[in-house]
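Engineer: One structure follows; several queries about it will come next.
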Amino acid sequence: MSVFSCYIVFLSWVALSCAVNYNDATIKEVAGDVLEVGEGPFWDSENNVLYFVDISQHRVYRFFQTRLEHIQLNEEVSFVIPVAGQQGLFVIGLGTTLASLRWNLHENIYKVVELAIVDHDKVGNRWNDAKADVNGYLWAGTMGFEDAAGNIPRGRGTLFKLNDTGCFQNLDPVLPDVSVSNGLAWNDDGTRMYYIDSPTRQIELFDYDPATATISNRRTFYDFKTDNIPGVPDGMTIDAYSNLWIANYNGAQV
C-alpha cells in the first residue's frame with residue numbers, strides 16, 4: 001500500500017494580464033506520513049478548517065491549523081462534502097452508500113446516517129470523487145474494484161447527480177459505463193463542466209445548463225497523451241482565473 005503525505009499549497013494571487021504568478025507559493029505539510037490514499041480536500045473558510053479523507057484507512061480528517069483530528073469509519077470513505085448552511089453536516093461516500101455525517105465542530109463527536117445505496121448489481125464497486133455544482137447539486141461517481149496489482153475493470157462505474165427533488169434516494173445516472181469517475185469542476189458562470197474518467201487520460205468538457213443542471217455536447221478538452229505526460233488525471237479543481245489544477249496520479253505532479 002502506498003503511503004502519502006498531505007500538503008497545503010498557499011498561493012499568492014497576482015494578476016499579470018491573464019496570467020498568475022505562483023512563484024511565491026509555499027507548501028506546508030499537514031498530516032505527515034500518516035495517509036495511505038488522501039483525497040477530497042475541502043477548505044472551510046468560515047472556521048479555518050481543512051477537511052479531507054483517507055480512503056484506504058476509512059478515515060475522515062480535519063485540520064485546525066494547530067491540531068489534526070480524525071474519525072474512524074468501517075468502510076472505504078471517498079469524499080466529504082459540506083451541506084450549505086448546516087455547520088458540521090456533510091455528505092460522505094462510504095463504499096457504495098451515500099450517507100450524512102454530523103460532526104461536532106468543537107468536540108470529536110459524530111453520527112453517520114445512511115441516505116442511499118447505488119450500484120447494487122456491481123459487487124466491489126465504491127464511490128470515488130464527488131463535488132457540488134454551482135447550484136449546490138451533488139455530483140458523485142463510482143468505480144470498479146481495484147485489486148492488489150492496481151487493476152480496475154473498465155466500464156463498471158457511473159456518474160450520478162442528485163436530482164431536483166432534493167431527495168437523496170433520487171440519484172440520477174448521468175454518465176454510465178465510466179471506469180474511474182474522478183475530478184469535477186465548473187467555471188465561474190456555470191456554463192461549462194469539466195470531468196475526468198481517469199483511465200482515458202483525458203479531461204472532458206461539457207456544456208452545462210445552470211437552469212436545468214444538465215450537460216450536453218461532450219468533447220475532449222485536453223489529453224495527457226498529446227504532450228506525453230506520465231500518469232493519469234485524478235482529482236481536479238478550478239481557480240478564479242479559470243485555470244484547472246489536476247492531480248496527476250502516478251505522475252508525481254500537479
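Residue positions begin at 1 at the first shown residue.
Positions of Cβ are set from backbone N, Cα and C atoms, glycine also.
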Engineer: Out of ASN74, ASN182, ASN187, which is the one TrEMBL records at the divalent metal cation site of GLU39, ASP234?
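Structural biologist: My reading of TrEMBL gives ASN182 as the candidate in that site.
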Engineer: Per TrEMBL, which of GLU107, GLU146 sits in the substrate site along with ARG126, ASN128?
Structural biologist: GLU146
Engineer: Taking every protein chain in this structure into account, which of the binding-site residues GLU39, GLU146, ASP234 has the most other Cβ atoms within 10 Å of its Cβ?
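Structural biologist: Most Cβ neighbours within 10 Å: GLU39.
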Engineer: Restricting to the domain 'SMP-30/Gluconolactonase/LRE-like region' (37-254), what is the model's mean pLDDT?
Structural biologist: 93
Engineer: Sequence gap of 6 or more, Cβ distance under 8 Å: name the residues on the same chain that satisfy this around ASN182 (divalent metal cation binding site), in order along the sequence.
Structural biologist: ASN128, ASP129, GLY141, ILE196, ASP197, SER198, PRO233, ASP234, GLY235, MET236
Engineer: Tell me the Cβ contacts of ARG126 (substrate binding site) under 8 Å, same chain only and six or more apart in sequence, or just say none.
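Structural biologist: Residues satisfying the criterion: GLU76, SER78, GLY93, GLY95, THR96, THR142, MET143, PHE145.
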Engineer: Would you kindly give the Cα-Cα distance separating GLU39 (divalent metal cation binding site) and GLU146 (substrate binding site), rounded to the nearest Å?
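Structural biologist: So the alpha carbons of GLU146 (substrate binding site) and GLU39 (divalent metal cation binding site) sit roughly 16 Å from each other.
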